[in-house]
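One structure coming up, written as structure tokens, with questions to follow.
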Amino acid sequence: MGSVKSAGLSLLLLSFILYVVDSYPSMDLSNMGCEECTLRKNSVFSRDRPVYQCMGCCFSRAYPTPLKAMKTMTIPKNITSEATCCVAKHSYETEVAGIKVRNHTDCHCSTCYFHKI
């Protein structure tokens, strides 16, 4: 009788573990908190008419600088980084409360022109 209880308890525990594992989200958590590069309504400038701007994340990575490349640098840096930014493919200029802003119409990941310091 004791072995039946033990087997039943083991089966119950295994079922619970499988339930927990199955309910765990199976998604890429590397970019958690940063959505894909898309058009979003800018709440600051969207007073009398909607103004859309590109927001979101794209590709970025950092890796050790190859020795051959470090020898060519005027100021050697141990880490090299690459990145693409969420930028507007198409946009047009509009005026909101006397301020000229760009209303984006399409976004994509491309070369970063402006970097945050």
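Counting starts with 1 at the first residue shown.
Every residue gets a Cβ built from N, Cα and C, even glycine.
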Look at the disulfide annotations in Swiss-Prot and name the partner of Cys34 from this list: Cys57, Cys58, Cys85.
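Disulfide partner per Swiss-Prot record: Cys57.
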Can you look up which of Cys107, Cys109, Cys112 is joined to Cys85 by a disulfide in Swiss-Prot?
Cys112
Which of Cys58, Cys107 is the other half of the disulfide bond that Swiss-Prot records for Cys109?
Cys58
Would you mind sorting out which of Cys37, Asn78, Cys85, Cys109 (the recorded positions) have a C-alpha within 10 A of the one on Cys57 (disulfide bond)?
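Close recorded positions: Cys37, Cys85, Cys109.
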Counting only residues 6+ apart in the same chain, whose Cβ is under 8 Å from the Cβ of Cys37 (disulfide bond)?
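Non-local contacts for Cys37 (disulfide bond): Cys54, Met55, Gly56, Cys57, Cys58, Cys86, Cys107, His108, Cys109.
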If you draw a 10 Å sphere on the Cβ of Cys107 (disulfide bond), how many other Cβ atoms land inside?
23
Return the count of C-beta atoms lying within 10 angstroms of the C-beta of Cys58 (disulfide bond), excluding that atom itself.
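For Cys58 (disulfide bond), the 10 Å Cβ neighbour count is 18.
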